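First up is the structure itself, then whatever we jot down about it.
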């Protein structure tokens, strides 16, 4: 690995950081912060914060190799034809969902008699033998850093969760996968790995939580070098918490749920909750410019990051201080954030934290139609009074959410649900085929939350909105973490689907929602899809100048010889429609390889030239050769 241009500057910077770290740590007493921990050699005693491993090295022990989430958790139709959600990990687990089968069959023309089960076990014969760089392997052994070239370990890190990736795995088709998986335990381990990769011309692909939906983790099939998946999952500790400045210094491999659990134990949180937070990693959030559902209070990842350390082939990139803001030329953090593993590996992040909220309250509002719902969200954004989260579902998604309602055990509860429906549709005159619902989440001081809640509901009333209760709001957010499991159920019965997102100015929100949904329906018809597709959307995040919009579409692929190709054609057309309607290429999923054909159009020729120049300087031998972005 090349050294920095000035060893003196590096020495001075390190000296200053040591001084700063000493000030931050302060005296050791009952109120002391969590102090920094040294990199642990294999077999040594770990610090307290890493005793519980959310993600083991062999991820296949707890996670599916060819689908979403935990091995013990899935949707299925039981022998009685009822839908149920297995496992014990979620509030919905173990419950019967009585309306799901009728909705599923009615929406897609699917049948319980037509099944397309996944291949249950990965056969090693389907995986190509590894291409090993023996000199690299020999030196890697001497470092003591754990690694593997087991077929299951390699396959697990050779894909994300795009439809085409999971569909192929379900059929037992495995393409190019990493040749080696390596598990660094700390920043210094990553430095050693990158140095060896540069020395022996090995290709590195960073791997965090594996939740990518942009083909970012796919190995380039044309890559002839040994490909090493650098799995950061064992770098999962909070190194220190600074309670005076409300910051935490964290290893980048930690996943969202573990980060929040550890911070909560000390009375803090980040508030960053992407839909994938159970499995996605801090480093992945930085590398893709992630966003969370509670960004209205806590901010997006770029608002939370104070300091980043990244290992590149040219050396370690980091700022010389941990200040809230600097005016020192272009911000190097913005070269790192969104770099998608093309420049190096994010190893440590200092981020803002907040005391855990005193009070949390859910809510929901029913609107006569989507147009009035969007107008309400626009007014809430204009008055800058958005709750922690506010999300608006269109009518199709409302019906979908209703179909996921679990069986009620109380006749009284069932009666109340019926009464609410009667009041909204008969007494208030809302059309069941046009109404839509917004879900709300308020957090903070109890008195302020109640004042805030009244302000939002008063605005909603001006746009015809009716308060629909806390239960509907809470259930909406609970579904956030289980909805991804539904795609696997669909594929069991010849139904494929996906979601994608964009950001768009307020004056284009209604147009983009209408036009993209219509384009999806038309493209499915033109491509020979025999059954009507599901085409739906929701507004998930709001800003002063616009909003994030999620689109969902799915269709029954029976009768199609190459359903994945048809799906990709439809998604491509939908993305073209988004861009034509003034939307962005991505709000928070990133570019990867899936969307990079539009990068020049998105950031201009000069912008592409700048990205390539940075890449050529930082990584002249293309060690980080995942081919994302450019």
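From the backbone N, Cα and C atoms, a Cβ is placed for every residue, glycine too.
TrEMBL entries are annotated by machine, without manual review.
Since this is a predicted model, take the numbers as computed values, not measurements.
What TrEMBL records for 550 is active site, proton donor/acceptor. Annotation comment: TrEMBL describes 206-212, 288-291, 340-346 as FAD binding site. Feature annotation from TrEMBL assigns substrate binding site to 487. According to TrEMBL, the domain 'FAD-binding PCMH-type' annotation covers 174-356. According to TrEMBL, the feature site 'Important for enzyme activity' maps to 391.
Recorded residues the residue listed as 'active site, proton donor/acceptor' and residue 344 (FAD binding site) have their alpha carbons 30 Å apart, per Cα-Cα distance. The closest partner of residue 391 (site 'Important for enzyme activity') among the binding-site residues, by CA position, is 290; the full candidate set was 206, 212, 290, 487.
The two recorded residues, residue 290 (FAD binding site) and the residue listed as 'substrate binding site', show a Cα separation of 22 Å. Along the domain 'FAD-binding PCMH-type' (174-356), the predicted structure has mean pLDDT 97. Around the Cβ of residue 206 (FAD binding site), a 10 Å sphere holds 30 further Cβ atoms from the protein chains shown. In this structure, the CA atom of residue 341 (FAD binding site) is 27 Å away from the CA atom of the residue listed as 'substrate binding site'.
Other Cβ atoms within 10 Å of the Cβ of residue 212 (FAD binding site) number 29 in total over all chains. Rounded to a whole number, the C-alpha distance linking residue 487 (substrate binding site) with residue 212 (FAD binding site) is 15 angstrom. Residues within less than 8 Å, Cβ to Cβ, of residue 344 (FAD binding site) and separated from it by at least 6 positions along the same chain comprise 194, 310, 311, 312, 313, 317, 618, 619, 624.
In sequence order, 55, 233, 255, 276, 279, 280, 281, 284 are the residues of the chain that are 6 or more apart from residue 209 (FAD binding site) and have a CB within less than 8 Å of its CB.
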